[in-house]
Every structure is written in structure tokens, then in C-alpha cells.
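Peer 1: In case it's useful when we look at the structure, here is the feature table from TrEMBL:
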- 12-18, 40-42, Arg304, 330-332, 412-414: GTP binding site (BINDING)
- Asp13: active site, proton acceptor (ACT_SITE)
- Asp13, Glu14, Gly15, Lys16, Asn38, Ala39, Gly40, His41, Thr128, Arg142, Gln223, Thr238, Arg302: IMP binding site (BINDING)
- Asp13, Gly40: Mg(2+) binding site (BINDING)
- His41: active site, proton donor (ACT_SITE)
- Lys139: active site (ACT_SITE)
- Val298, Thr299, Thr300, Gly301, Arg302, Pro303, Arg304: substrate binding site (BINDING)
Amino acid sequence: MPAVVVLGAQWGDEGKGKATDQLGSRVDYVVKFNGGNNAGHTVVVGDEKYALHLLPSGILSPGCVPVVGNGVVVDLEVLFEELEALTSRGVDVSRLLISSSAHVIPSYNRTLDKVTERFLGKRQIGTTGRGIGPTYADKMNRVGIRISDLFDEKILREKVEGALTQKNQILVKIYNRRAADVDAVTAELLSYADRVRPMVADTSLVLNQALDAGKTLVFEAGQATMLDVDHGTYPFVTSSSATAGGVCTGAGIGPSRVDRVVGVIKAYTTRVGEGPFPTELHDDLGEHLRKTGGEYGVTTGRPRRTGWYDAVIARYSGRVNGLTDLVLTKLDVLTGQEKVPVCVAYDVDGVRHDEMPVDQSAFHHAKPVYEELDGWWEDISHCRTFEELPVNAQRYVLALEEMSGTRISSIGVGPDREATIVRHDLLD
Ligand code: IMP
């Protein structure tokens, strides 16, 4: 089973790191194929806790090659900060490979991200402010800067100049900010060239050769399905392809090489940033889920919005990603509820929708149609087999599986690495 995609099936923060972790030492390559340092995952190894934003979680597993694919946008300052922080704690980071075609996030795009959000006012997206959107926009506009440009000063300067000709007009005339200086930006980017050079590779070639050699590769998506630029709740999305299709373009492998697509999904739902969220709770129960689930962003520290499980989204995610498995996380957070509502359909202005409404406005008006399942009170964090779960927790999982249309292969019952019930091996 060589190529496994692990992605978020909701709005992010589902605990993808834990799913990758579960695959453990059997994985030879962990590949990031989209997004940048807008992501955030906490990985616990022994007593040590690591918060990663840009680097793939494989960086912490000795014997595993972490790869940053061409579809990622790289903030070089953050890259070296993360690498230095890991090195100072004794982690060997020498195996890291970065695609020469990955785009870099120049400082002017961080500025533009923040001022654009401010300018949007009430219509803001709630971005992480890391320059992600403007950098993907540059890529599509063909004015982006790629890692390979760092190795040719003349080309780099021309590209920075080309980008700034337009961007400085926007910065100065629309946003009333200072213009970015071509020399300063070029010099800053060049200052990373020698340090990044040893990590740079044709990662598509490396990954395809690894597949040919029968290695095990995990493609770990940043963000999640409902934040995907095509399939998410546009415009309240990130600017990259966070669904399974993104693996092909963002890592340079063909779709026929992917064997398994694993969607990680919480037993309830969370979202950060703006945008529609039909099952959102604005009451004490929402606060209870936030507190019990520790629902605060790793990247920005923002409190996450919380709500019940949405089976319509789970089915949609199954469809657009071709999910083969679901990894259900944080079931323990639901312990202690008399009834646990699950959204099975939407009511849109009096019309029942069993599938995601295609129309954006309809989704904004969607009211959840709930089915109430019986809750459980017992502490489940020690359970290691499905049968050990209280019968109502078992029924909850089986109901989600049926409503969502994808088998639930593992269940998270607590924050510890071991607090997982495995029903089907993700690498079988
Ligand atoms: P951007 O990716 O910074 O452009 O932000 C766009 C939207 O995606 C905002 O709503 C962010 O809160 C959300 N977002 C970006 N990265 C993550 C993530 O890793 N987890 C959850 N939400 C994210």
C-alpha cells in the first residue's frame, strides 16, 4: 500500500497529525503538497511537544524523508526558524527536501494579506495573515517567485521588479502603505539561497522513484476540504487545493498512483475564520465543546467556532475526495451529553437538501435537520477496542459511518498518542 493521502474532511484542525502519527515508522516519505505556514499541528513525541506550521510532521520521525512539494508556498524566514528550533532540540532535519518549483512568500505578500483583510472590513475572510492568498494569486498571475529563482540573482531581481511594478501601485495608491523596495526584497530572498540550496530537489522525480521502489508515502494535506479553493465554502476558503486532487498537481504524481484517501474528521465540527457553518453552536454547549476539546488555533491562537457533526459535509467530503477511510477524532469530547444531535440534511427556505447545496447563498441559509442520538457518560479514554466503548458511543460511531458513507477505520478517544481504537489498518 504505497501512497496514502491524509486530509481534513471538515474545516481543518481535525487532528491530521495524529492520523499520520498512527502510520508511524512504516512511512518512508511524508509529503506536504499545498498551503504553507497557515497550517498548524502539534506533534507530541515522548514528553516533547512540537508545534509545526510549515514543515511536514515527518520531520520528527527518524528514517522518514519529509518533502515540501511544488504546490506549497514557502515563507523562508519561517522555514529556517522552524528548522533552527528543531535543531536546537536535537532533531535531525538533514533529510528535508524542498521542490525547486515551490513558490516563496515574499514579505510584501504578508503585508498585502493583512491590509487587504482590513480593507475588506465586514467582508473579510479571516485569513491567518501569512501572505498565503497573495502568493497563490501571484502564481496564477505568473508573477510569482519560485525557489529556483533564488539561484539566479539577475532573474530574481527581474521577477521581483516585475511583481512590484504592479504591487507597489496597489500598496501605495489603494492601501496608503509604503512601497516595497526592489533591492531590499531581492537581498532578503538572496540571503536564504545558500542555506536552502542543499535541500532543493526535483521532488516529483524523487517521489515517483520512491513509488517505483515500493516505498510508503503519506501525502498530508494542509487545511481541509471545506477550505479548498474549488470545493470549499468559497470565498471563505484558503487559496490552495486541500482536497485529494491537489496531491497530483501539488506533488507531481499521477492519480493512478494514489491507493488510499483517508479523511480525518472530528466527532463534532470546528471552524476558524469567517464563513458559513450550519451546525455552529452559539450557546453554552458550544463553549463546552471549545473548552473540553481545547479548540484554540495552533497558528493564531484564535478560539475556534464549534458545532455538532455534519453528515452532509462528511458525505460531500467523501465524494469530492474519493475517501476510502475516515479517521474519527476526539470522540471523548462528546462524553457526558444526554443527547448528541447529528446533522443529516439541511432545510433551505423550507426545502430539504440531503446533499450540499450547490448555490452559495443556499448554503448560507441552510438550517440543520438534526437526528438526536443517545449520549454516554462513561470515561472512554482508556478504551482500546470498539467493543470496550459504551454501547451508545458504539451506536454513535456506527450511525456516523452509515450517514457519512465511508467506513470509520479508527477512533480517537483522548489526546494521548495511544488513545486510539484501530478498526482497520490504514496501510493494509
Ligand atoms: P489563509 O489560508 O491564511 O488565506 O486563510 C483562509 C481561511 O482558511 C481562513 O478562514 C483561515 O482561518 C483558514 N485556515 C487556514 N489554514 C488553516 C488551518 O490550518 N486550519 C484551519 N483553518 C485554516
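In case you wondered, yes, glycine gets a Cβ from its N, Cα and C as well.
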Peer 1: Sequence gap of 6 or more, Cβ distance under 8 Å: name the residues on the same chain that satisfy this around Pro303 (substrate binding site), in order along the sequence.
Peer 2: Arg290, Glu295, Tyr296, Gly297
Peer 1: Using only the Cα atoms of Asp13, Glu14, Gly15, Lys16, Asn38, Ala39, Gly40, His41, Thr128, Arg142, Gln223, Thr238, Arg302, which the record gives as binding IMP, return the largest interatomic distance in Å, rounded to a whole number.
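Peer 2: Answer in Å: the longest Cα-Cα distance is 34.
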Peer 1: Of the recorded positions listed here (His41, Val298, Thr300, Val413), which is spatially closest to Thr128 (IMP binding site) when Cα positions are compared?
Peer 2: Thr300
Peer 1: Please report the Cα separation of Gly301 (substrate binding site) and His41 (active site, proton donor) in Å, rounded to an integer.
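Peer 2: Gly301 (substrate binding site) and His41 (active site, proton donor) have their Cα atoms 12 Å apart.
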Peer 1: Leu331 (GTP binding site): which of the recorded positions Asp13, Asn38, Gly40, Val298, Thr300 is the nearest Cα neighbour?
Peer 2: Asp13
Peer 1: Among the recorded positions Gly12, Asp13, Gly15, Thr42, which ones place their C-alpha within 10 angstroms of the C-alpha of Gln223 (IMP binding site)?
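Peer 2: For Gln223 (IMP binding site), the recorded positions whose Cα atoms are within 10 Å come to Gly12, Asp13.
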Peer 1: Which ones are near His41 (active site, proton donor): of the recorded positions Lys139, Thr300, Arg302, Arg304, Val413, which have a Cα within 10 Å?
Peer 2: none
Peer 1: So which of the recorded positions Asp13, Gln223, Val298, Pro303 sit close to ligand 1, that is, with a CB under 6 Å from an atom of it?
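Peer 2: Passing the 6 Å Cβ check against ligand 1: Asp13, Gln223.
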Peer 1: Could you check which of the recorded positions (Asp13, Thr42, Lys139, Val413) sits closest to Arg302 (IMP binding site), going Cα to Cα?
Peer 2: Asp13
Peer 1: Using a Cβ-Cβ cut-off under 8 angstroms and a sequence gap of six or more, which residues of the chain neighbour Arg304 (substrate binding site)?
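Peer 2: In sequence order, the residues whose Cβ lies under 8 Å from that of Arg304 (substrate binding site) (at least 6 apart) are Asp13, Thr270, Arg271, Val272, Arg290, Glu295, Tyr296, Gly297.
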Peer 1: By Cβ count within 10 Å, point out the most packed of the binding-site residues listed: Asn38, Gln223, Thr300.
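Peer 2: Counting every other Cβ within 10 Å of each candidate, the maximum falls on Gln223.
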Peer 1: Ten-angstrom check, please: count other Cβ atoms within 10 Å of the Cβ of Val413 (GTP binding site), all chains counted.
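Peer 2: So the Cβ neighbour count for Val413 (GTP binding site) comes to 27.
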Peer 1: Per DSSP, Lys139 (active site) is which: helix, strand or coil?
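Peer 2: It is helical.
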